[in-house]
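Please read the structure below before turning to the comments.
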Number of protein chains: 2
Amino acid sequence: MSLRAILLITLQQEPGTGYDILQRFKAGLAHVWQASHQQLYRELDRMRGDGLLTCETVPQAERPDRKVYHLTAAGGEALDTWLAEPLAAGPVREPLFAKFFAWERWPADARRRELGDLHEQLTQRLATYAAIEEEWFAAPERLTPAQRAPWHTLRLGQRLTQTWREWIEEVLEEGE
Amino acid sequence: MSLRAILLITLQQEPGTGYDILQRFKAGLAHVWQASHQQLYRELDRMRGDGLLTCETVPQAERPDRKVYHLTAAGGEALDTWLAEPLAAGPVREPLFAKFFAWERWPADARRRELGDLHEQLTQRLATYAAIEEEWFAAPERLTPAQRAPWHTLRLGQRLTQTWREWIEEVLEEGE
DNA sequence: CCTTACATGTAACAAGTTACATGATTAG
DNA sequence: CTAATCATGTAACTTGTTACATGTAAGG
């Protein structure tokens with residue numbers, strides 16, 4: 001259901017094609033959601049079949065037709081229903097943690113390399129977050145609540161990433 | 001591949017049946033991995049088919065036979081291969097964040113209820129973590145590295161949970 | 001010449017969920 | 001009587017990944 005909800009939210013803000021939505025994901029929702037184009041096209045078609053969306057085909061010269069999807073009234077209701085009911089807690093699945101349970105078999109050099117690489121990725125992610133924050137949320141106190149809401153998600157992303165990074169540093173220090 | 005790796009690790013520590021593995025998940029691996037019994041039985045059978053496990057059927061009176069799975073040499077190699085290569089970063093998918101991008105449509109009371117419930121769940125989880133820590137890791141400085149490794153995963157779990165909880169408090173405060 | 005942007009899809013597979021099914025034993 | 005523990009599975013479905021497929025136009 002989550003992908004559906006994401007698509008309902010995206011299309012409620014503005015109608016668009018599968019391709020458009022992918023671009024929006026890359027631009028602003030990347031730290032919130034990722035999906036492949038195959039998933040999008042399949043899901044959009046199903047949602048149309050379920051009456052949540054309508055599809056308007058816009059022919060183009062020398063290019064495939066654009067299929068612009070719009071939210072229907074039923075789609076809006078489905079979104080409101082989803083927003084109203086609390087989300088079920090997802091299952092815990094942390095593959096990296098599994099390696100810690102096979103510590104003796106996990107070669108020390110592979111471990112240092114893997115944790116080091118991860119540390120670097122997290123550092124990079126923090127830089128990306130900082131750039132997004134500077135560009136969009138430079139003055140959070142002057143934003144409306146609705147504008148500040150996405151900023152909150154960014155802030156949590158930052159803090160979780162920092163927490164991870166500190167932890168990696170500690171683990172690496174210990175196995176000096 | 002991750003479920004496979006988890007099963008290889010679990011069975012490398014000690015052979016067992018699907019049912020045994022589920023119990024072990026509940027006992028000690030719950031903050032690392034969760035899987036349903038259907039997933040286990042299916043995956044164990046496939047792994048046997050791929051030569052990673054052997055299956056010894058132990059008949060029992062008045063109960064279904066126990067199917068005890070053991071790691072084969074190929075299974076050990078598969079595990080070592082998995083440990084040696086770094087994990088690919090998983091995609092980001094945080095359904096709760098999506099609601100923040102539909103802030104105006106998200107009713108304030110539903111929001112407060114959902115965040116409040118989540119806060120409570122996280123508090124409960126922290127209590128569970130604390131109990132596990134007291135029971136198994138009371139004196140971490142006296143543990144061997146291999147024994148301390150699972151403790152690290154618990155520590156990160158604690159800190160991530162705390163980070164989440166603080167963030168929820170801030171969001172709730174703001175929408176007073 | 002090569003890559004990126006534009007714009008859509010099919011097919012097969014892997015992973016995970018939900019529902020259904022069986023059947024004895026033990027504890028409350 | 002009810003629920004939990006032991007112990008296994010099948011079937012249908014949803015979700016997500018990977019590989020394959022097509023074709024133009026613009027920019028370096």
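Any Cβ shown, glycine's included, is placed from N, Cα and C.
TrEMBL does not curate its annotations; it predicts them automatically.
Positions annotated as domain 'Transcription regulator PadR N-terminal' by TrEMBL: B:7-79. Per TrEMBL, the feature domain 'Transcription regulator PadR C-terminal' maps to B:92-174.
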Legend entry - Secondary structure composition of the domain 'Transcription regulator PadR N-terminal' (B:7-79) [DSSP: H/G/I, E/B, coil]: 39 helix, 19 strand, 15 coil
Legend entry - Secondary structure content of the domain 'Transcription regulator PadR C-terminal' (B:92-174), with strand meaning DSSP E or B: 71 helix, 1 strand, 11 coil
Legend entry - Mean per-residue pLDDT computed across the domain 'Transcription regulator PadR N-terminal' (B:7-79): 93
